[in-house]
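All remarks here apply to the structure that follows.
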């Protein structure tokens, strides 16, 4: 009945993909490292001689280092688009500071007496640099390159968010799908890779002074060799699809598209945070989106009709710990005030305000509650504390804010919001382990990502809103002590999306149309 | 012959060297004597352009030192540091061979030169040729420093407190072997020290410095017999015994 696999089985089954991702990851790490060394080493040498420039250069590189990696990718996408270029650029920027700083520190750390002696013997500045400064600073410079390498292996996982491949594809896919094996299949090789590279470089770092000059010459060649590992997947169709890591691994995602529709399309893995912009900018042609996403409207996209019904319904409803509902009987009616109040078009509009007009979620939530006559000022009660969680996208923020306002306005309970808990797995685990008391979940997600029933059962349930809801609420109650309250109304299902203009031009209305279109293109 | 004309150097509003002029003859050994901060090391480093003077002129054998590239100038001037300044990543052989290599000597010429200098400075080549500086004692390191400065047989030798960092017994031993070097004949040597005894031992002529100026120059006995100022008189006060000791032991 239960089809749980061991990690080893998963890795064996996915060994081809795993090898490809690992090789991509090594390539990505070394390309950016090589560029960082080629630029950082001369820059470090330069500022070691020009102390006035040192403050500016180290300051600038230091500021780059403090930018959170996700934000840095966000900054780079408008300039460099998606794919390998922004990923390499981001990793390069992170690797830069350790290389520059250690070169600078290493050269400055050389005994000034030795440096002065080198000049007094009649060495030119260049002779001193290569025969004395760099050789004596070598261990410190190598330490910087080691740091940069480890940073790059770690940050490199984020490349999967912007269609640049690497081990992040498994990690983020696994987080989204609540698939521990998949997470570990990406995380363990990434960790081992970091440890292995760090160890190998530590051997290089201990090179005796005799061989250091040779190593300094060989190192870029070795890096160049590993850089060549990085080859992006090239498909055979003209259209390019960008699917989220989560979508890639789901039966009601890429797998279903292949098996049910026979769809074969060149595919890259990308984060949902950037894919809408990417399709709007013609970097992608087809994406896996959510049917209530506000950017659908903002970027003039159309959803393709799921004519063979592979996407099950994703009705949203609050999932609450049953114990909390028993302790505070007044809570359930208050949370149910939202039931049936938000349909697809309202949710799309609310999301549009958040994602495209950049309005704060609490303002959107309050505007809606006021217009629906559901807003009461906070009663500032102290009866108890309800901890709200949310996944890390605007729709969840808006819903969580609405629930917080309802609880504060209609009960004497206090609210603590823990928003941005990442994906499904993190939210669900937090709820089960009583770190939070409730969060909004979707029936389809609960079915396919959390409960994972056998495919036959899934196929029987899929397509019917009520049977999926009954199945998940029943099993959540029995197995986890969690209660599904009434659905809010909208169905945030998966959908394939295209630019309206392109879809109309090519006469593509359904997913079957897309499949035929691609077959005829070949 | 070294001619120094009116050179000055200021660091942060402070006159390190204040309008100094002097001449050192071919083969002459002179000692600049002074307390720390008197400007004697700054003066020394201006002669091989480790420090550039603010004004003034220095001529070596009639040629201004600014008319040649600094590295070429320095390859013709031996330099001994107080803290040896040996390259930690070079063997003793490589350290001594630095300047000959920069000058493009071939191996057949360098190897015997290094061995001969090591023997003269009592560093058994079999034992130390391939050793690294950190395997040597302080006195041995200073011997290597002296050998390195002499390797290319430069006509001029600059020495900055060359025995200052050594303990008294080691100092006496290194100094003794140094004085006995046949290499030193015909070399023009400028040595700076704060050690009156060392000045008496090594100098043909002493320049007493204070506050960036030369207070008095002359033969060692002139300093006692005709002190130019009260400062000179005070500086040598109580050193008469040492001076007499050397005069007696030398004659």
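Even glycines carry a Cβ here, placed using N, Cα and C.
As recorded in TrEMBL, the features of this protein are as follows:
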- A:22-205: domain 'ABC transmembrane type-1' (DOMAIN)
- A:26-48: transmembrane segment (TRANSMEM)
- A:55-77: transmembrane segment (TRANSMEM)
- A:83-100: transmembrane segment (TRANSMEM)
- A:134-162: transmembrane segment (TRANSMEM)
- A:182-203: transmembrane segment (TRANSMEM)
- A:215-232: transmembrane segment (TRANSMEM)
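Listed as Cβ neighbours of the transmembrane segment (A:83-100) (distance under 8 Å, sequence separation of 6 or more from its ends, same chain) are residues 28-29, 31-33, 35-37, 39-41, 43-44, 47, 57-58, 61-62, 64-65, 69, 72-73, 76-77, 141, 144-145, 147-149, 151-152, 155-156, 158-159, 162-166, 230, 232, 268, 283. Only residues 6 or more beyond the boundaries of the transmembrane segment (A:182-203), in the same chain, are considered here, and those with a CB under 8 A from a CB of the stretch are 7, 10-11, 14, 18, 21-22, 25-26, 29, 142, 145-146, 149-150, 153-154, 156-157, 167-175, 249, 425. Most Cβ pairs under 8 A with the transmembrane segment (A:26-48) among the ranges A:55-77, A:134-162, A:215-232 are made by A:215-232. Long-range contacts of the transmembrane segment (A:215-232) within its own chain (CB-CB distance under 8 A, at least 6 residues past either end) are made by residues 23-24, 26-31, 33-34, 37-38, 83-84, 134, 138, 145, 164-165, 204, 207, 268.
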